[in-house]
Each structure stands twice: as structure tokens, then as C-alpha cells.
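Colleague: Before I ask anything, here is the structure I am working with.
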Amino acid sequence: MSKKGASFRAKGEKPDALAALQAANEELRAKLTDIQIELQQEKSKASKLEREKNQEARQIKEHEQHKNTVIVTELKAKLHEEKMKELQGVREGLLRQHEAELLRVIKIKDNEIQRLQTLLNAVRDGTPDKVKTVLYSEAKEEAKKGFEAEKIKMQQEILELKGAKKQVEEALSVVIQADKIKAAEIRSVYHLHQEEITRIKRDCDREIRRLQLDERDARRFQLKIAELSAIIRKLEDRNALLSEERNELLKRVREAESQYKPLLDKNKRLSRKNEDLSHTLRRMENKLKFVTQENLEMRQRVRTIRRPSSLNDLDQNQDEREVDFLRLQIMEQQNIIDELSKVTNIFVFLERDKLLRYKKQRKKFAKFPKPVVETFFGYDEEASLESDGSSISYQTDRTDQTPCTPDDDLEEGMAKEETELRFRQLTMEYQALQRAYALLQEQVGGTLDAEREVKTREQLQAEIQRSQAQIEDLEKALAEQGQDMKWIEEKQALYKRNQELVEKIKQMEIEEARLKHDVQDAKDQNELLEFRILELEERERRSPAINFHHIPFTEGKSPLQVYCEAEGVTDILVAELMKKLDILGDNAWLQQIEVTESALQQKMIDLENEKDLFSKQKGYLDDELDYRKQSLDQAHKHILELEAMLYDALQQEAGAKMSEMLSEEEREKLKNAVEQWKRQVMSELRERDSQILRERMEHIQHAQQLTTSLQEHKQAVRQGDPNSLVTSYCNEQGHTFIFAATKIVE
């Protein structure tokens, strides 16, 4: 019996500790998985940032290369323009040089012609006509030949110069067209670069904001990791404490088993006595049956044999008396048996309650190893432990004298069930009672009546002693008079019920283990699914985006209408439903705008009133500041006057006598005291003025903020932008759901 009870108790306590340890381990595992997931996310973010940084560096390099190419093209264009200018200058110089050469040749030819004409005139004047004609013709032919040769030469040069001019003009037109095309390309590239620069700036700003947010998230995650590490340390410490408490509980269980051994031996002895008493009771019942049978036989004999003799009458009277006496004895024994059955039932209930109380006390001691007891000198833990220990020892000593029945298994099983079911509830009730007790102490002022608790404890102990004495008396009466068969049958039924309950407990434990295994499998599957989801999200993040193309319907119907027609639903028209939804959304939007407009008008009135009030307060504070400054100036003047009066008093004769009476140390002390007093007064005045100025500046800043907010509200109202009005109202009142509703309606 003792081994069985100890095994049940150990089984009852071990699952609690194991369940607590499993719960702590599961929490730690869940937290570790969360930390691993966060670490994976941080790693992915870090890799993403590195990729983005490399991409940005690559873009910057490409941008620099593009910028360098643009600069090179610009330099090439400038060099080409300079070369063209140089060519044009050379061409103009050559033209000028050629014209000068032509003018020089023409002058030479004119001079030759004039010389020849003079010669011709001279020949004409001094020779006959033939000679003149011959010479004239020869000279004319020579001149004509020379002129023709020069003319041909000059025409060739002119043609060459015209061809060169055409080539230069063609080259110039080609260069001008190329310059125009290049300028257009440069303008387009410039505009593209400007747009790209603005886009890069926007992207950089966005990336900077995102990096700032990521940095904040990283800091927050670091703080969370630190908190989780601290929680893990606390849980490890708690796990160590729980293991220590478990060892202590195991020690107490062994001690309780050692204490239960004499009780179990006594229970065995009492069970043997009960069996002996049952045997004696059976013998008495058999004897009673035999006596009743003899009585019936005697009655039959008396009826059959009726002899009117006096001796027979006397024997008959004597037999009747004996029968009546036996009947009375039977009735008395029956009454005694009924009383004993009632007493045994009461005894069983008392034993059950006592065991339950003892188990509860043991659980409380296991849960709360150091309860606190309020004494006249404060809270004492050692006294509470000693008092509880003494009460437990007293109860164990008293229970050694009480008989233990074989119902201990049933009672232990029931106590185990009740303790397992109500253990958490009792701990929570105990904590709530402790909090209520502390609150009651705070309200009363820490003067609760401890003597009353001691008296109630003594009364309860006295009642326990009286009940135990009554139990001992009933045990003695039971040992003297025997027990009833009904009690034995009830005891056997209780044995059967105990066995059934033990089997049910085993089945429930098996079911619980199976359910725990299923729960653990479900948790493992959940973790696997979570990791799979994370992998899929990471794969989706890394994979290229899928571009969904909108496929227009030829008949002008929506896909929902087509689906409804395919399903056979012809009563629904999606276009009408969409129109109704739009009308409802517009009505809700209008109602919401009206509500927000009225609320904003009321807010404007309130803000204008607050502005007037703050302006009045500002004027009042300025007046008060001026008054404080004037009072400070007056105090400073008064101090200067007092100093002057003090110096005048010291310079007078009486003051001179007093100064002569004072020693140098006293004079220095007086002087130091006056200076210290001056410094103290000035510092106090400065501190007070600075504090007043700080308060006034805070009030002024608050008033300025309110005025700026009022101006912003006025501008928003004048502009009449509903989105801005709704957002400002949401920011003021905190109703963010209105802004969300407006966005949904839009």
C-alpha cells in the first residue's frame, strides 16, 4: 500500500514539474526560433544592403564614365570649331593674298601697256605709216598673245579657287550640320542626365530613409535580443530553482513515505481486526439465526402440544420471556450496528477531509517554501515555518493513533485528481488572497489583529483534538461491538471503484501522452511550415516579378459577370452593383465630409478662443515680467542705499568708536558676511528671474505653436482641400480611421 501511494504521489508531482519544464523548454524553443528567424531576416537585409551598395557604386562609376564621355565629346566639338575657325582665317588670308597678287600683276601689265603705247606713239610720230602699222600689228599680236596667256592662266587660277571655295563651303555646311546634330544630341543627353540625376536623388533620399528605418529596426532587434537573452537567463535560473524545488519535494515525498509506513502497518492491523470482527459478526448472525429457528420450533411445538398443566405453562412463559429478551437484544444490536455504520461513514469522511487538508498543506509547502506570517513585530518567515512545521508534526502524531482503512488508495486517488485539477486555481486564489491581504494591511495601516488569528488557530486545534478523541472512542466501540456487513460490502464496492478509477487514470495518462505527442508533432509541422513560408517569401523576393497582362473582354463584360454567367447565375448584374457601390461610397464620402467640416469648424472656433486666451495670458505675463523687473531694480537700489547707510554709519564717530572696538578678525568676518549676504541675495534673485523667464518663454513658445497651427488650419480651410482637412482633423483628434475611410472611398 505504501509503495502504491508513494508511486501515485510521485506520478502526480512528476508530471507537474515535467509539464512546467516542457512548457519552459517550448517557450525557449519558440523564442530561439523567433530569434533565428529575425537573424535570418537581418542577414538577408545585410546582404540586400551590400548588393544595393555595390549597385550604387556601379551606377556612380557608370555616371562618372558617362560624364567623362560627355566632357570628351564637348572638348572634341570645341577643337573642331577652333580648327574650322583657323581654316576660315587661312582661307580668307589666301583670298586676300591672291587678290593682292592679281592687283600687282594688273599694275605691271598696265605699266607695260603704257610703255608700249608710248613706244608706239613715238614710232608713229617718227616713221612712215607702214612701219607704224607693222610695229603696231606686231606689238598688238605680242600683247594679245601675252594677254591671252595671262588670261588663260588667271582663268585657271580662278577656276581652281572656285573649286577650293566650293569644297570649303561644302565642308563648312557638313560641319555646321554635324554641329547642329551634335548640339541636339547634347541637349537631349543633358535633359536625360538631368532627369536621371533627379531620379537618382529621389532614389537616394528614399534609400536613406529606408536605411535609417533599417538602422532603427536593427537597434530595436538588438534591444529585443538583449531582452530575450535576459528572459532566457531568468528562465534558466527559474529552471534551476524548479529543479532544486523538485529535489526538495522528492525528499519530502520520501520523508512522507517513511512517515506513512507506521500508518500503513496500523492500517493492516486494523484490517485484520476488521476481518476478525466480521467473522465474529457472522458467527453471531449464525447463532441468531439458529436461536430464531429454535424459537420457531418451540412455538410450533407449543401450538401442537397444548397441555393445560401448570409446569408446561411455566415453561412456555419462560420460553416466551427468553424470546422477548432475545428480540430486545437483537433490536439493541441492530441499533448499535446502525449507529456504528453512521459513525464509520463520518469517520471515512473525516479521514478523507484530513488527508485532503494534509495534501493541500503539503502542496502549499511545496509551492511556497517560505510563507510570511504577520506578527506584532512585522513579517516573520522563520516563525511561520516553525509554526507550520509544528502543526504538521502534531497532525502526523495524532494521525498515528487513528485507524487507517484500506480506503486510503481511493482517498489518495481522489486527492490526486482534485489536487491536479484545482492546484493552479488554488495557487491563483492564494496569490489573490495575498494581494487582498496586503491591500487590507495598507488600508488599515498595518494594525491587523494577530491575536485573533492565534485564537482561531488554537480553537481549530482544540476542535481537531476533540474530533480525534471522538474518533478514538468510536474505534473502541467498534472494536468491542463489531461491524456491519453493509459496511464491508461498501468497502468492497469502494475497492472496486478505486480500481476502476486507477484504470481510468491510467487511460487518461495514456491519452494525455498521446495528445502531447500529437501536439508536439503539430508544433513541429507548424515550425516546418513557417520555415517553408519564409523560404518561399525569400524565393519570391529574389525571383523576378511576374508581369500580369490584362486581357480585355471582347463583349465589354467584366470577368465576374462572365463567371456568374458560366455558373448559371443570371440575376446578378455586376455593372449595376458597381454603380450602387459607387453611389453608396459617394454618399458616405459626402456625409463624412459634412461631419468632418462641422467638427473642423468647431475646432476652429475652439482654437480661436484659445488663441485669444493665450494672447491675453501673454500680455498679462509681459506685464508681470515688467513688474518683476521693476521690483528687482527697486530691491537693488534699496540694497545700494543700505550699503551707503552702513558705510556712513561706520564713518561717523559712533561708527568709528564701534569699529575701533571691533578687532580686525571681526571686521573681516562682518565684511565677509555682508558680501556673502549680497551674493546670496543676488543669486536668489537671478535664479528666480531665470525661472520666471523660462516659464514665460515656455508659455510664449506654446502660444506661438498654437498660432502657427491655427494659421495652418486657416490656410487649409481657405484652400478647401478635403483630404488635407481630413488629415489635419485626424492628426488633431487621433481618428486615423477617417483618413483610411477616405482613402477607401477614393
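Note: Cβ is positioned from N, Cα and C throughout, glycine not excepted.
These figures come from a predicted structure and were not determined experimentally.
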Colleague: Of 310-337, 590-617, 618-645, 702-729, which span is tagged coiled coil by TrEMBL?
Modeller: 590-617
Colleague: Looking at 32-66, 67-101, 137-171, which one does TrEMBL call coiled coil?
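Modeller: When 32-66, 67-101, 137-171 are checked in TrEMBL, coiled coil belongs to 137-171.
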Colleague: Six or more residues out from either end of the region 'Disordered' (43-62), which same-chain residues have a Cβ under 8 Å from its Cβ atoms?
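Modeller: Distant Cβ neighbours of the region 'Disordered' (43-62) are 200, 207, 211, 214, 218, 538, 541.
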Colleague: Is it possible to list how many residues within the region 'Disordered' (43-62) are helical, extended or coil according to DSSP?
Modeller: 20 helix, 0 strand, 0 coil
Colleague: Across the coiled coil (218-301), what does the pLDDT come to on average, as a whole number?
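Modeller: The predicted confidence over the coiled coil (218-301), as a mean pLDDT, is 79.
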